[in-house]
Amino acid sequence: MSMKKTAAVEDKKISLDKESYIKSVQERIAKIPISNYRNFSIVAHVDHGKSTLSDRLLELTGVIQPGDANKQVLDKLDVERERGITVKAQTCSMFYVDPKSKEEYLLHLVDTPGHVDFRAEVSRSYASCGGALLLIDASQGVQAQTVANFYLAYSMGLKLIPVINKIDLDAADIPRAMDQVETTFELPREDCIPVSAKTGLNIENIIPAIIRDIPGPRGSVDKPLKALLVDSWHDPYVGVVMLIHVVDGVVKKGMKLLSAHSEKRYDVKEVGIMYPDKMPMDCVKAGQVAYIIPGMRNPREAMIGDTFYQYGKHEGLEPLPGFEEPKPMVFVGAFPADGGEFKVMNDHMENLVLNDRSVTLEKETSNALGLGWRLGFLGSLHASVFKERLENEYGAKIILTAPTVPYKLIFKDGEESIVTNPDEFPGADFRNHNIEMLMEPYVNALMTIPDEYIGTVMSLCENNRGIQKELEYLTTGQVLLKYEIPLAQLVEDFFGKLKGCTKGYASLDYEDAGYKKSDIVKMELCVNGEPQDALTQVMHRSQVLSRGKEYVTRFKEYLKFQLFEVAIQAKVNNKVVARETIKAKRKDVTQKLHAADISRRKKLLSRQKEGKKQMKATGKISINQEAYQAFLRRAD
């Protein structure tokens with residue numbers, strides 16, 4: 001038999017084996033009643049072992065084989081694996097047979113992001129679950145994100161099972177972690193399950209606890225279809241893939257769906273479960289967390305928290321609660337390091353935005369840096385992850401301006417306006433705009449720190465215009481601090497400073513606290529009177545003198561000498577608040593003259609002096625992009 005025929009036979013055999021396997025999985029699901037479904041999530045602080053625990057559960061239920069090749073299975077993005085964080089919500093179905101009753105259960109693990117920037121994805125993931133594992137590092141104890149995510153899960157009615165992880169470490173303090181669970185969350189210490197996700201120790205105790213304590217979904221296959229959109233991503237071959245929680249009814253291939261938010265219709269091209277990758281099914285039913293391919297080409301139509309109905313059977317149905325559009329809170333200007341690569345970079349940007357509908361993208365032009373974009377993100381980590389993905393996946397080099405936050409202008413006639421670009425913020429003509437009030441966004445920052453650093457951290461918060469709201473002593477030397485802080489201060493590497501003054505032992509989480517009236521102004525960096533738009537910043541008036549001095553001193557380092565004097569000024573409302581001067585580069589016009597030719601020497605020096613005056617009045621400073629790049633990189 002020829003090699004081609006052999007290969008064709010093998011392909012056919014693999015295809016038949018795959019079809020047979022999928023059919024057996026479908027038959028297995030069909031036999032499991034909805035009362036034996038369990039949908040759960042894992043609540044954890046960054047780096048407490050959530051993705052590793054997910055891997056162990058998938059191994060225990062036979063979804064994946066043990067081994068290094070299957071590390072962090074649910075973290076699909078390179079940046080997720082590198083940073084050890086989860087950015088996109090993922091899911092996986094698992095089968096489990098109770099060794100005593102011999103009953104089979106269908107488990108859906110929804111792996112959620114832990115960081116505050118991705119709170120919308122976290123809350124929608126929780127909405128598809130009946131309970132969650134509250135994961136705590138035995139060596140670090142309860143941290144800020146554990147507390148914040150606990151309250152979010154608790155407020156949504158989830159049943160929480162405390163799991164103490166990393167008990168294999170020498171620094172593990174299991175009694176302390178149990179005490180913190182009892183005092184901070186008011187959960188019985190007897191409910192705590194001590195495990196090591198790394199070694200697999202005691203992992204087998206988790207699933208029986210999930211089956212016993214977490215309630216099954218309450219939906220019905222006989223009711224009209226209602227499905228909650230948990231997450232989505234863009235596939236270059238099939239378009240948008242949506243991760244859904246089927247609350248009621250059944251979703252089948254070929255069914256017409258209707259979005260409650262946009263009222264657009266879609267045809268289901270494919271439906272299936274994640275096991276751990278996409279596995280097509282004939283249908284998915286109430287209680288399941290599954291994927292569908294709806295023939296959607298524009299990912300921005302897939303809004304997290306949206307409800308989908310079956311078209312034609314949607315009359316009188318109410319959408320599921322909790323829908324909210326993502327709201328960018330941090331904005332940056334982005335420019336290609338090489339201006340000639342704008343078109344190519346624009347394609348890369350648009351491709352990345354396809355997979356992240358929470359990023360806003362608008363083209364903008366800078367006098368200093370040329371063509372670029374104004375990008376809106378959920379937070380600073382979100383911006384950093386986006387930049388890393390751009391560099392890792394496309395090899396793109398990009399310049400980011402200093403992050404800014406959305407400021408609110410309240411006009412005398414009651415109208416409101418949001419400003420996200422510092423260059424568009426009102427300056428000296430503030431009153432001419434009929435502006436009644438300026439407001440900036442605040443956040444409630446939640447920090448856990450060792451008590452020995454409490455004085456240092458409180459000083460840091462107060463220096464960043466923070467207002468203390470709460471102070472609570474946890475067990476064994478840990479303190480929980482709550483401060484109200486302007487978001488603008490938080491995005492300026494507040495977390496880096498917090499880590500620095502606590503030797504890395506602090507943790508931080510925050511939530512939106514709305515807008516407050518503030519004395520904020522626009523500071524422009526001018527070179528010989530010309531404002532440099534890429535370097536314009538908005539700040540509180542109390543920071544103007546120190547920031548102004550810092551900026552002009554630093555920018556002076558990156559400017560080349562000119563043949564005439566150059567003034568670098570920081571201006572607020574057309575008033576100079578700081579200045580540095582680059583002295584004129586001296587050119588010896590008398591070097592060829594005889595020492596005795598005094599009148600000729602005077603004439604040449606006088607002409608040079610007049611020429612420098614004229615150059616200063618009419619000459620333009622040539623500032624190369626490297627100067628801007630170096631300044632912004634250091635500012636970043």
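Each Cβ is built from the backbone N, Cα and C atoms, and glycine gets one as well.
Now, the feature entries from Swiss-Prot:
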BINDING   44-51, 111-115, 165-168  GTP binding site
DOMAIN    35-218  domain 'tr-type G'
- Provide the number of Cβ atoms within 10 Å of the Cβ of THR112 (GTP binding site), excluding the reference atom itself. 30
- Note on the structure: The mean pLDDT across the domain 'tr-type G' (35-218) is 84
- Note on the structure: ALA44 (GTP binding site) falls, by DSSP collapsed to helix, strand or coil, into coil
- Message: Taking every protein chain in this structure into account, which of the binding-site residues ALA44, ILE167 has the most other Cβ atoms within 10 Å of its Cβ?
- Response: ALA44
- Message: Suppose we draw a 10 Å sphere around the Cβ of LYS50 (GTP binding site). How many other Cβ atoms does it contain, all chains included?
- Response: 27
